[in-house]
Every structure is written in structure tokens, then in C-alpha cells.
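Data first, discussion second: the structure below is written as C-alpha cells.
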Amino acid sequence: MMGPPRTPLSKIDKSNPYTPCGSKVTEEKILVTVRMRPLNWREHAKYDLIAWECPDDETIVFKNPNPDKAPTKYSFDKVFEPTCATQEVYEGGSRDVALSALAGTNATIFAYGQTSSGKTFTMRGVTESVVKDIYEHIRKTQERSFVLKVSALEIYNETVVDLLNRDTGPLRLLDDPEKGTIVENLVEEVVESRQHLQHLISICEDQRQVGETALNDKSSRSHQIIRLTIHSSLREIAGCVQSFMATLNLVDLAGSERAFQTNADGLRLKEGSHINRSLLTLTTVIRKLSSGRKRDHVPYRDSKLTRILQNSLGGNARTAIICTISPALSHVEQTKKTLSFAMSAKEVTNCAKVNMVVSEKKLLKHLQQKVAKLESELRSPEPSSSTCLKSLLIEKEMKIQQMESEMKELKRQRDIAQSELDLERKAKERKGSSECEPFSQVARCLSYHTKEESIPSKSVPSSRRTARDRRKDNVRQSLTSADPTALVQEIRLLEKHQKKLGEEANQALDLIHKEVTSHKLGDQQAAEKVAKMLSEIRDMQKSNLLTEEIVVGDKANLKEEINRLNSQEIAALEKKLECVQNTIDMLVSSFQTDEQTPDFRTQVKKKRLLPFGLSNSPNLQHMIRGPCSPLSGTENKDPESNVVSANSAPVSFGATPPKRDDNRCRTQSREGTPVSRQANSVDIKRMNRMYKNAAEENIRNIKSYVTGLKERVAKLQYQKQLLVCQVLELEANETGAASEYDATDESQMDWPLCFEEQRKQIIMLWHLCHISIIHRTQFYMLFKGDPADQIYMEVELRRLTWLEQHLAELGNASPALLGDEPASYVASSIRALKQEREYLAKRVNTKLGAEEREMLYLKWDVPPVGKQRRQQFINKLWTDPHNMQHVRESAEIVAKLVGFCDSGETIRKEMFELNFASPSDKKTWMMGWNFISNLLHL
């Protein structure tokens, strides 16, 4: 004999242990099985078709006659084919539920289905099997004694009738606070044996109301309930538990029917209406219970059937439902309703517990002992407990003191580390101002952020990274984030600066050449060298002439740019400036030698006026003191030259001398007195000293200016070389060659994690800056974590970061300075976002079907009744930046509304925001960042 099958584990949700005098509570869903009968003789006579099939023992499929429609599948705990016997149906799902009544748990088994589907036939076989198994279990369990009682009733036209004693007439239903709903004056017979029980069940079947219809010769016209009350107890009483008591309900429901199929009239029509009404109430109760909403009202009292079975529907009982169906195509609608009822019943949860009967005397004694124990503990607390409490308090105090000492030590270490960090930062600042100036200039030139505003990598903790690692990360980020087009543009700009420096050097040489040729400063050889050098620099400028308009190529012209840079003589200008330096040194030395010759003294005597002055040389002063010079004239002068310039300021250096001074000199020379000769010699010495100081200052200023030009050219050359290295490394990354930084960083950085972090930050900044939701959808749907998306993610993040900072600065600025601009910026952006949502709301009806709209309204908690449901639905999109599922669903819905999903062509990421916008839908708010730029007047 087969053992009793167990309930599937999926049906049992939670189980609580036994209490000393309590019961075991088990939450379990209703067990639902489906039995399909074969075609009967009426259906064969009509040549009816079979519309259902069972591919496996848990699935039933509707074979739709229309081949265009997909078959409909239903899944249950167990499905029985027409060839299965009733014993298999019982053992497959009902046996375990029925035998649980022997262990003290209430149980209910009932059959549900349309008329003539085989309910009564199935329940007769199940009842016989239940009686057989009960007495078999009693025979095997000798240590317990069992007492069985049986009662039977039927509900006919909403009237309760006792099947064991029909003379009692209609019975009333009463509510008992402990037992629930009971039937007044219902006869309950004590079962003496198995044959006695079978005899009583046969009496109930004979007393039941049966009638003939067009679909069934013996159609049940009432609901029949046979109740077995099982009382079991141990033969040797142990503990306070004396016995178990449970009820087993065997319910044979009347079948639902349609009047046009049964051809019912008169009494049969009245019976059918009562049957359908009670079954409708049962279906409503099942659906209310399966919804899971505890606040919903469950209409148990609308029908006497549901009122009697209330304990079995969501209450203290285990329940098994056998749904019987017909395979005929003519009954397909009724079959679908039966399966729909079964699907709802699968979700109903019962809370079954073991019903234990406790002896009142023993229970009272047990409780008195427990109370006495508690009172004794309250009166005289044990000393051991107080000792334990004291030791526990001492232990806690020691732990607190230990933690305080650890906190002090940690604070001391933190202060030491902070002081060391401050010292290191100050040393780096001093060192960076002197030695790292070229690198900082390159960083400023490239305009790439290398501070904390860049996105940190979560793969390596910042506390463990050294300064060298951070420098490597910064270089790596600048290389990977640098666009080749931007690098080429920066190289061209550096060449433009080099051209300007060449022009300034040309001006310096031109001025030196003019002074040498016009005033004979130095020898003829030096003048020729200066002229030759000037012509060479001009030739070099002609060969390296750049157009005013910088043409920026794409990534494919990088090799041509590198070849052009390598073919150029980058250090040519530096060499020319070195020649200028040598020439100036030679001029200084020649000036010092010529100063000692008699010809020089004679020349000075003949020339009474200075040929030129520092204050009256506008070209030289503009060159030395111009804004392009790194050093000003006052910074290069020594104290002596300042005195000379101050003394020579009131002297006039015109083309003709003043007549008063000339006449005075002639008078003094004619008189020939020693006083006039002495004054003349003093004037000549003073003039010689002024001339010498002025010439030395001019040469010194030019020399310092040329030195500054050399330094700037060296810096520009360093910047160009660094940019070329960046271009080369970008090309190496394209061809797949991994450099040292790539090998170290790729092992430390996990791009998918970094992508998710960046996308979360971007979504939050979208929300804070009131960015267009269509722009958000475009970006979210296009960039999904590909390694090539890194540059786009960084650009978007920098845009949004700048926009947030810009709006914050406008918000913190003085209203007197800005007027209404901050409010207008935010108001314009919010107004544009509102217009965008209104536009999307207009497209809901055209882009979404009616069923899809209703499903979305239900999913997004849009009230079923109300105005502007479309606008309410759109206003809920893109409102929660912290919920990634909300963001993803919002993006999918907006993509459907705007038509991103309709286009079959592949969208290139380089054409972002150009391919998505259709010509007919070009609005100001659909221009993405262009609208933001116009809004901020950028």
C-alpha cells in the first residue's frame, strides 16, 4: 500500500513551533488540482471537438481553432487527464489534506465546476477512499483512541436541510465565538464502524435533491456537505494535552449552468438561479482573498455556503479544491471560468493549526505552578543574578575605558598625520611654484581638471594611494580624456604663441640694428652680424607662417600632424635667440674697449648732446615694458641706473641745442678763464657718464628681455613635446598597445563599476539642473557602459558639474548685482520642462494603445477616475533619481512616446542629439545642451 503523499513544499510558507499548551500554526495555500473528463455520449453525438490537452501533469493548454492566436496555458499543482482514475485524483492531492484531520487539523475537500463535468462522480470516489484510509490509520495507530461523529446537510435554494433527519425542516445558522458558524439542531451521529459510516453516507446521497436537465440526467440541485468530526486521544495520558479534535468537510457543490444550455424553466430555472448566485459569492470570496489586500471586505455572509465554509476559506483549515472541466469545444467558455476560479484559489492562504483539547484540571494546575514560581522569584531574587549584573557592569566599564583610550590614541595619530600632511602640502606648493611651472602651464593649457572634481575610482582606496600613484592617475585621466582634435588645436595655439615670440625677437634685433647703424655703437663686424641675424629670423618667420584661422582635423590627421611637427626645426628660434645673446655680449665688450680709446673721447667732445635717451626711445620702451615681456623695465634696473634716469629726465634731447646754452659756452670759450675751462670739463664728464649709463641700461634691458624670450620659447617647446607625446599615446591606445600606465590602471579600475557610479551622478545632476527629460532619455538609451562611452560620460558629467556650479554661483550672488537673472534662469528651465511634459502627454494616445495605457496608469498609481490622467502619468516620469528601476522605466516610456524605438537604423554615438530629433518635432527644449547654452547666454 502506498504511503500518504505529502503536500508540496511550495505550498507551505511558515511554521511555528509548539507551545507548552498551545498549537502549531501553519500558513499554507489552498491545494488546487484539475480533472478533465472524457467526452460523454451527448458530445459524441454532436461531433463535438476536444479543445483542451494536458502536455504534462501540471499544465493544461487550450487549443485555439484560430491558428493565428497563440495557445493559452494554465498551470496548477496537479492536472489529471481523462484517462486517470478517481483513486489517482485522490492520492495526487486530496489524501494528505484528508489525513491531516487525524492529527488535529481541520480539513476541507470540495469539487467545483460546471454542470455535467463530473463533480459528484469524483466526490463519491474521494469519500470512499477517505473512509478507507481513516479506518486503516485507526487500525495501525493502536496507542490512540478515536471517536468519529458524522453530520450531513444540503443547501437547497438557500435553505439548510439536515440530510440525516429531514423532519427538522429548515435550519438556522448561528455564530459561536469559539467554534465559528454552527448549524442549529443539526443531527450528529456517532460512528460505530466503517460499515456504519458508509451506510450513513449512502443515506445522505439518497436524500439529496437531484433533477434532470438537458445536459445531465441526474443533475445535483443543491450543495451537499458531509462533516466528519474526529476526536483522538492517547490511551495513556501524559502531560496537559489530552486529545486532538478536528473536522473533515467533504463538499459536493452543484454545478454552474446556463439557462439556454439546460433549457430550464419553472422550478429548474429557480434552482439554477440560486446555485449560480451562491457560486458567484464563492468566486467573489476567493478573489478577495487572493488579492492579498487585508483591508478589503470579504462577503462571507452573502451566501449560506460561504458562511458555513468560512473557516475553510482563509481560516483555520487545510483546503483542497478539485476543479472538474469538460474538454468539449462547446463548453469552452464555462471551462475558462472554472480555470480562472482555480487560478485565484491558488493564491488564497489558510492559517491551519492543531486543535488540542486540554484537561481543565491539569491546565489549571500547570498555570498555578507557573504563577507560584514567578511570585517566588519576585519575592527573593537570587544573589547570583545580582553578582552577574555587577560583573557585567564592571566588564562594560572596562570596555568603555579601553575604547576611550583607543579613541585618544587614534586622535593623536590623526593629528600627527594631519600635521605631516600640511607640511608636505606646503613643501609641494613651494616646490611646484619653482620647479613644476611647465607642467602646471601644460595643465592650464589643456584645460583638463586634475583636482578632486574628477571622478574618483572606487577600485583603489584613496587613503592607500601615494602621491606618485595619484600623479599617475592624473596623467592617465588627462591622456584618456583628451580628444585628439583638442590636442591638435592646442599644438596650433602653441605655434601661434611661438610666432608672436619670434616677432618680438625680430623687433628687438631691429631696434639693436637701428641703434648700431645710426649711432655707430660697436664695430662694423658686429653691425653686419646683427643685420645677418635679422634677415635669417625674417626668413624663418616666412617659412613658418601660419594662417590666422586654425583648421582642426579629425582623429585620422594625427599622423600628419606628428610628421609635420617632427619635420620642423622647433629649436630654430631658440638658436637664433642664442645668437642674439652672443651679439649683445660682443657689443658690450666692444663698447667697453671703445670707451678707453682717444677717438671715443674726441667723438664725445664733438657731440655735445646725447644721440638718444631711454626716456625718448618709444620703440625700446614699448618693447621692454610691453605686456608681452615677462620682466618689466623697473625690475631690471639697478639703483645707479635709476639715479641716472632721474637726473637725466629734465635734460632736453632735441635736434638743435638751446640758444642760451650755446651763447654761454661761446662767451666762456672767448674769455678763456680757468673757471669756464673747469665748468666745461665738468659738463663733458657728466655727459660722458650719462651716455655710458644710458647705453649700458639699454643693452642690459635688451639682454634681460632676450633671456626672458629664451625661457618662454623653452617652455613652449616643452608644452609642444608633451602634447606630441599625448597624441602618440592616444594612437598607441587605438592600435591596442598597452603602456605602463594602462597596465597598472586597468588592473585597478573596473569600468562597469565606474560607469554605474558616473551614471548615477549624471542622473542626479539632471534632476538638480532641470535638464530636458528627452535629453536624459537619449543619453540613457544610447550610452549603456561600452568602454568607448567613457569620453561621452566624462563630457556630460563635466557639463552638468559646471552647470550646477554656475547656477549655485548665481543663487549665491547679490541680488543687487544680478537683478532677476537667477530667477529667470531657473524659471525658464522649469517652464521648458513643463512644456516638454505637456508635449509628451499629447503623444500618449497616439503612441500607446488603450490596454497599454491602462496598464501603465495602474502601474504608476494614476487614479482610475479623474481629469488629465495623461498629464498625471507624464508628471510621474523622471522624478526619482535615486531609484534606478524608476529611471529605466521612465526612459523606456519616453523613448516610445518620442519614437526612439521606432527607427530601425543604427544610431551613431558621434551624432548624439542629431539623429533622434525628427524634423517635425524640433522644439527649443529638444535641442539638448543647445537650449541650456542659450538659456545661460553662453
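Glycine is treated like the rest: Cβ placed from N, Cα and C.
For the ranges 123-158, 555-590, 735-770, the feature annotated in Swiss-Prot as coiled coil maps to 555-590. THR120 (ATP binding site) carries a helical DSSP state (H, G or I). Mean pLDDT, taken over the coiled coil (357-431), works out to 81 on the 0 to 100 scale. Within 8 Å of the centroid defined by the CB atoms of GLY113, GLN114, THR115, SER116, SER117, GLY118, LYS119, THR120, the record's ATP site, lie the Cβ atoms of ALA111, ASN216, GLY255, THR324, SER326, excluding the listed residues themselves. For SER116 (ATP binding site), the same-chain residues 6+ apart in sequence whose C-beta sits under 8 angstroms from its C-beta are ASN40, LEU215, ASN216, SER219, GLY255, SER326.
Counted over every protein chain shown, other Cβ atoms within 10 Å are most numerous around SER117 among the binding-site residues GLN114, SER117, THR120. DSSP classifies GLY113 (ATP binding site) as strand under the three-state reduction.
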